[in-house]
């Protein structure tokens, strides 16, 4: 089996990554940064996001597992003290692969140039680079509303505990194939109205934004931030691809939610 390790880059993470590499090589595994079967992330959820975007083009062949060296992560489920146990599990234990839904983002342009396509594991956001975002919102090909405000956040179920939650969105279990649209400071008065509530769209339902012409847009996809010009539309939907995680033991989603947001530290 081929593996690679991605580290957060701090001293403790690099030390753990080096130790795991030596252990796995001793077990006869092959280090392969180009076409790994397993990607081990050592750091936090941010490190795993970087790993996902590094290998997004081979999601059917690659599975991820995380060791968190910082705060409790939603994706990184092993502690630094459990590194030897994890290595033995990888080497000797049949593992389960769990799949989570992803968000597909397609940006089309006024001048007809080639569209830009992205996959998000957590969320994608859109804001105006100059001020208030004004955009038509279409759902399933029909006009829904005209949004005016700071921006919109479109998240995956596994990303619903991140920026989406801070915006008042719902937490969605990652077994549900859906995306969620949450508003950022929408303008609502006697003249301008939005639905004013997060929207959950099931698989095969598509959301298309059609921003005001000439507006420069600041678009994020997970940790990536870009400015796009002459945007005709932005399409969001549940992606056909899924991200795959290696599981050697139960990792209950609702327990992670409770430990992160409710339980006493």
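Placement of Cβ uses the backbone N, Cα and C atoms for every residue, glycine included.
Sequence annotations record features per position, and here Swiss-Prot assigns NAD(+) binding site to 45, 46, 122, 123, 148, 150, 185 based on sequence analysis. Positions annotated as active site, proton acceptor by Swiss-Prot: 45.
Shown on the structure are the features that Swiss-Prot records.
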{"residue": "45", "record": "NAD(+) binding site", "Cβ contacts under 8 Å, 6 or more apart": "66, 68, 73, 74, 75, 76"}
{"residue": "46", "record": "NAD(+) binding site", "Cβ contacts under 8 Å, 6 or more apart": "8, 223"}
{"residue": "122", "record": "NAD(+) binding site", "Cβ contacts under 8 Å, 6 or more apart": "49, 155, 156, 158, 159, 162, 163, 222"}
{"residue": "123", "record": "NAD(+) binding site", "Cβ contacts under 8 Å, 6 or more apart": "103, 153, 154, 155, 156, 159, 162, 163, 164, 220, 222"}
{"residue": "148", "record": "NAD(+) binding site", "Cβ contacts under 8 Å, 6 or more apart": "132, 133, 134, 186, 187, 192, 194"}
{"residue": "150", "record": "NAD(+) binding site", "Cβ contacts under 8 Å, 6 or more apart": "127, 132, 133, 184, 185, 186"}
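Within 10 Å of the Cβ of residue 185 (NAD(+) binding site) there are 12 other Cβ atoms, across all protein chains. The maximal spread of the NAD(+) binding site, taken as the longest Cα to Cα distance among 45, 46, 122, 123, 148, 150, 185, is 32 Å.
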